[in-house]
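According to TrEMBL, the domain 'Fibronectin type-III' annotation covers 73-168, 269-364. Annotated domain 'Ig-like' per TrEMBL: 172-260, 382-466, in sequence order. The annotation region 'Disordered' is assigned in TrEMBL to 1-72.
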Amino acid sequence: MMEKTTSEDPACSPEETASESAKVPTAEPPGEVAVSESTREEQVPKPQAPAPQAPAAPTTTKPAPPSEDVPSAPLLLTLEDVSNSSVTVSWEPPERLGRLGLQGYVLELCREGASEWVPVSARPMMVTQQTVRNLALGDKLLLRVSAVSSAGAGPPAMLDQPVHVRENIEDPKIRVPRHLRQTYIRQVGETVNLQIPFQGKPKPQATWTHNGHALDSQRVSVRTGDQDSILFIRSAQRSDSGRYELTVHVEGLEAKAAIDILVIEKPGPPSSIRLLDVWGCNAALQWTPPQDTGNTELLGYTVQKADKKTGQWFTVLERYHPTTCTISDLIIGNSYSFRVFSENLCGLSASATVTKELAHIQKADIAAKPKGFVERDFSEAPSFTQPLADHTSTPGYSTQLFCSVRASPKPKIIWMKNKMEIQGNPKYRALSEQGVCTLEIRKPSPFDSGVYTCKAINVLGEASVDCRLEVKASATH
């Protein structure tokens, strides 16, 4: 047992040995108390042994193999996370837990340049991940962990490199608000207040430029916090227009965002206007664009007219883009003035350009010249548009013959049977209406069979049509 204690001293500090020997009697079975007492007895002469002779012991004597009661070193000690005040490590259980079973793990730290190992917790913890908190920013620490059983602590597993306690470096990012991703337009005299959020660790450093140059501190103020930067202009002027670029720096990394600002105002009126021509009820105008557009594009022109009698202005054209126009529907006998405004996003120009001369709409001598009316001659000789059709009838039943005639003037209609006129015979009734000629034969008999003729006569001529009527006698038995 003395050889085992001596070989384990280089791995553990005197403070660890004392703490382990103090814990062993309370946790170990009664049969092993003597072992722990002999360990205490052999620890007494340790302080008297000269320090230079300690390294020579392993070269002269072969260390005893570790006891099967003591667990082996934990596996895969890994650094999981480092922040500005904490360190998190994890490990895997050892291959050999010892015959007496595992009581937990002891995590120890040692600051760089120091020789003392300080346990993180007062007693072994049955966990495979542990976080060391309340560390000072900038510290460099060595970390090791040992598995502990009732027989004592096993050999430690140590990180290869010291752990530097510092903030995690997070790449800088700028979150430009949606309404600032296009040109930000303000009017002259309005305030400009831009709040641009960003992120990054450690605390980023933010700088602004205007068109590639440093900001004018007399006009622009900037306030930068941990998570955003605010650019403020109390009263914007047209000279404040341009590209503002925000740059965020973190540990040699940087992110940039550009914001375009346009400061505008109302445009000036057109430079000049003149009356080109007046004809009928129309007037032609022409003007020149304004010298000052208000630092933005024009939306067009507004054209108005006013007659000399009332002096009231009425809008004729709005947001009209060309610089020439023709105004129609002017009232005859009136005299008109015209004026033109320029317009942009801020509105109409403060003043308008007015024509110097009036447009006089003259009264023209208009004489009506009616055209001579030529009456059309609709005279026409008779012509039948629908002839008579052959017909068969039954005795005792009245029958009718039809035809249609066209003529102007109205023709005289004559009906004939077998070329003999039948006018005035009560057996027949003749009708003529709208050019349709009808002959009704009342209760015909076989004697009424024959050829019937309709003749139309007027001053321009005559026409006739024929048909055959057959009245069949009833069969006798």
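Cβ coordinates are placed from backbone N, Cα and C, and glycine is handled just like the others.
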Among 73-168, 172-260, 382-466, stretch most in contact with the domain 'Fibronectin type-III' (269-364) (C-beta, under 8 angstroms): 172-260
Structural state census, the domain 'Ig-like' (382-466) (DSSP three-state): 3 helix, 53 strand, 29 coil
Helix, strand and coil counts within the domain 'Fibronectin type-III' (269-364) (DSSP): 0 helix, 49 strand, 47 coil
